[in-house]
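For reference, TrEMBL has these:
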- 18-46: domain 'C3H1-type' (DOMAIN)
- 18-46: zinc finger (ZN_FING)
- 52-80: domain 'C3H1-type' (DOMAIN)
- 52-80: zinc finger (ZN_FING)
- 177-205: domain 'C3H1-type' (DOMAIN)
- 177-205: zinc finger (ZN_FING)
- 212-238: domain 'C3H1-type' (DOMAIN)
- 212-238: zinc finger (ZN_FING)
Amino acid sequence: MAAMVNMNNLLNGKDSRWLQLEVCREFQRNKCSRQDTECKFAHPPANVEVQNGKVTACYDSIKGRCNREKPPCKYFHPPQHLKDQLLINGRNHLALKNALMQQMGISPGQPVMPGQVPAVATSPYLTGIPASTYSPYFAPGHLVPTLLGPDPSTVASQLGPVVPQAVPVAQQKIPRSDRIEVCREFMRGACKRAESECRFAHPQESVTTHEDGSVTVCMDAVKGRCARDPCRYFHPPLHLQAQIKAAQSRATAVWLKF
């Protein structure tokens, strides 16, 4: 049976589960071969609290303003690729909250009183972080039905009609700032631009290309410290490194709008 929760905390802005990240089990056994800047799970230092195999990311760190040192911060300071995912999680969390408030006719900023919202079967988003931090918390186009559980008609009659505009809000995604599109002309062997001039990636054969035609940037290479030979991640030339840093700045700017 799906877990049951009360939505009051979510709608009142007290739900922080979107800030949770799963801890790397291999890292806990000192066996993870990936750097903390490339593993899709968290590699927390000893001062960070781990509960049920998860850590909570530092909200201030995501916004670049955490200055807790003595004592050290008990929350996880995520590397850039996990920070990007948390930005997406935060936007999805905000969209979910807005969709619920619209569905129930609640104005933004209006507090939700205990008992105003019925307990409903939660989606995987509300019961914790999925195994892969790169998976969305809820499938696009199924925001409200998934939230209401296997029999939405009963709960929907209590909440009122579904607002049609609620679902498109959740479909807005923040682009991954650690990926670059591969040059299509290069893939056909027809690009006339040098690797140092083309605005798209010219990856080596060892680099993994995703289904959407992009490659993941090696953040160690950007920092000048990659020792993998060959590396399965893309080592961008200087002009593309500037593009990556600009994309990361845009992702942070989107977060600051929340």
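Cβ from N, Cα, C; glycine included.
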Distal contacts, the zinc finger (212-238) - CB-CB under 8 A, six or more residues away: 35, 37-38, 79-81, 176, 178-182, 184, 195-196, 201, 203-204, 206, 244
Integer average pLDDT (0 to 100) for the domain 'C3H1-type' (52-80): 89
